[in-house]
Amino acid sequence: MNALRRTADHGPAGLTKFHRLLLEQVGHEFTASHQYFALAAWFDDRDLPALARVFYRQSLEERDHAAMIVRYLIDNHVAPDIPGIGEIQTSFTEPRELVALALRQEQQVTEQIKALAKAARDELDYTGEQFLNWFLQEQVEEVATMSTLLNVVERGSGNMFDVETWVTRELSSPAEGDSNAPETAGPAVS
Ligand SMILES: [Fe+2]
Ligand SMILES: [Fe+2]
C-alpha cells in the first residue's frame, strides 16, 4: 500500500532510526560481498584455490545477507532504496593482510549489527530485534572463523601449502542449509 510506504526523505512518518540503519546495512553487506570477492580473486590469481574458494563463497553469503535485509524492508513497507557500495581494498603484499582485513571487516559488521539491535530495542521494535538475532549469531561464527584462519596463516609463517591443506580439511564443506536463516529478496545464492 503506497500510502503506508515510508522512504528516507518523505512519507507519513519518515523512517525510524532502526529502518534507516537497516538500509545502510544493505550497503555494508554488499560492500563486504565485494571486498570478499576481491580477496578471493587475489588468492585465485596466486594459485591458492582453497583460500579462493572460501572467500568466493563468503562473498555470496554477504550478498545473501543484503538480500535478507531487503526482504525484511519490503515486508515492512520500507522502500528498498539500495545504497551504493563503499571503498574496497585490492592491493596487498602477503596473504596474512587479506585474512586480517577479513577479520577486521567481520568485527566492524558485528558492531554495526549491535548498533542495529540497540536501535530496535530503543524504539521498542520487537520484530526488528528478533530479526537481528540470526545476524548476531552469524557474526559470532564469522568472526570466529576468520580469527582462527588468521592464527593458522600466522602459524604457517609463509608456508601457504600447509595453510591450503588446513583450509581444504577444515573450511571446505559449505555450511549446511540453515533453516532459521531469514528469507532473501529473490533467490539465495549461497
Ligand atoms: Fe554479513
Ligand atoms: Fe560476514
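Any Cβ shown, glycine's included, is placed from N, Cα and C.
Here is what TrEMBL records for this protein:
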BINDING   Glu29, Glu62, His65, Glu106, Gln139  Fe cation binding site
DOMAIN    12-157  domain 'Ferritin-like diiron'
REGION    170-190  region 'Disordered'
Across the domain 'Ferritin-like diiron' (12-157), average pLDDT on the 0 to 100 scale = 97
Measure from each Cβ of the binding-site residues Glu29, His65, Glu106, Gln139 to the atoms of ligand 2 and list the residues where some distance is under 6 Å.
-> Glu106
Nonlocal residues around His65 (Fe cation binding site), in sequence order (Cβ under 8 Å, 6 or more apart) = Glu29, Ala32, Phe135, Glu138
Within 10 Å of the Cβ of Glu106 (Fe cation binding site), how many other Cβ atoms can you find? Include all protein chains, please.
-> 22
Neighbour tally for Gln139 (Fe cation binding site), based on other Cβ positions within 10 Å of its Cβ = 20
Long-range Cβ environment of Glu62 (Fe cation binding site), under 8 Å and at least 6 residues apart | Glu29, Phe30, Ala32, Ser33, Tyr36
Within 8 Å of the Cβ centre of Glu29, Glu62, His65, Glu106, Gln139, which other residues of the chain have their Cβ, at the recorded Fe cation site?
-> His28, Ala32, Glu61, Val109, Phe135, Glu138, Glu142
